[in-house]
Each structure stands twice: as structure tokens, then as C-alpha cells.
Amino acid sequence: KEGYIVNLSTGCKYECYKLGDNDYCLKECKLQYGKGAGGYCYAFGCWCTHLYEQAVVWPLPKKTCN
């Protein structure tokens with residue numbers, strides 16, 4: 001599974017500005033989804049890879065980013 005990492009309290013994606021390989025995105029993906037996850041910056045959001053199937057990613061149902 002893949003997807004944008006999401007702030008569970010706000011429903012917002014994690015923003016990034018350095019597209020492609022991005023240490024911030026990689027670190028955040030690993031923190032939220034485990035050490036097997038990968039991450040990079042895609043379309044100014046942190047995109048996480050190698051997630052378990054039940055991983056919660058953006059968008060959250062009934063929670064829009066405010």
C-alpha cells in the first residue's frame with residue numbers, strides 16, 4: 001500500500017517542498033508506519049511506500065484539512 005501521510009488530528013497531509021528524495025518525509029513515514037516504510041516528496045506532500053494494508057493515509061473520511 002502507498003499513500004500520503006496524514007495528521008490524524010487535523011486531516012491534513014504532511015507538506016514538503018523539496019520534491020523527490022526527502023529526508024523529512026522518509027523520517028515521518030518511518031515514525032508513523034514503521035521502519036519498513038519508505039517516503040519521498042510528491043506534489044508537495046509526503047508520500048509513503050511499503051505500508052501495511054490497514055495503514056491510515058490521506059484523505060480521512062469525514063475529516064477535511066482546515
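Backbone N, Cα and C define each Cβ position, glycine as well.
Keep in mind that what you see is a predicted model, and the values were worked out from it rather than measured.
Per Swiss-Prot, the features are as follows:
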type: DISULFID; residues: CYS12-CYS65; note: disulfide bond
type: DISULFID; residues: CYS16-CYS41; note: disulfide bond
type: DISULFID; residues: CYS25-CYS46; note: disulfide bond
type: DISULFID; residues: CYS29-CYS48; note: disulfide bond
type: DOMAIN; residues: 1-66; note: domain 'LCN-type CS-alpha/beta'
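Annotated features, which come from Swiss-Prot, shown on the structure.
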{"residue": "CYS12", "record": "disulfide bond", "DSSP (3 states)": "coil"}
{"residue": "CYS25", "record": "disulfide bond", "DSSP (3 states)": "helix"}
{"residue": "CYS41", "record": "disulfide bond", "DSSP (3 states)": "strand"}
{"residue": "CYS46", "record": "disulfide bond", "DSSP (3 states)": "strand"}
{"residue": "CYS65", "record": "disulfide bond", "DSSP (3 states)": "coil"}
Distance [Cα-Cα, Å, rounded] between CYS41 (disulfide bond) and CYS48 (disulfide bond):
9
Out of CYS16, CYS29, CYS46, CYS48, CYS65, which of the disulfide-bonded residues has the smallest number of neighbouring Cβ atoms within 10 Å?
CYS65
One should report the C-alpha separation between CYS29 (disulfide bond) and CYS12 (disulfide bond), rounded to whole angstrom, as 14
CYS48 (disulfide bond) and CYS65 (disulfide bond), Cα-Cα, nearest whole angstrom:
19
So of CYS12, CYS25, CYS41, which of the disulfide-bonded residues has the fewest other Cβ atoms within 10 Å around its own Cβ?
CYS12
Pairwise Cα distance for CYS46 (disulfide bond)/CYS12 (disulfide bond) [Å, integer]:
11
Using Cα-Cα distances with a 10 Å cut-off, which of the disulfide-bonded residues CYS12, CYS16, CYS48 are near CYS25 (disulfide bond)?
CYS16, CYS48
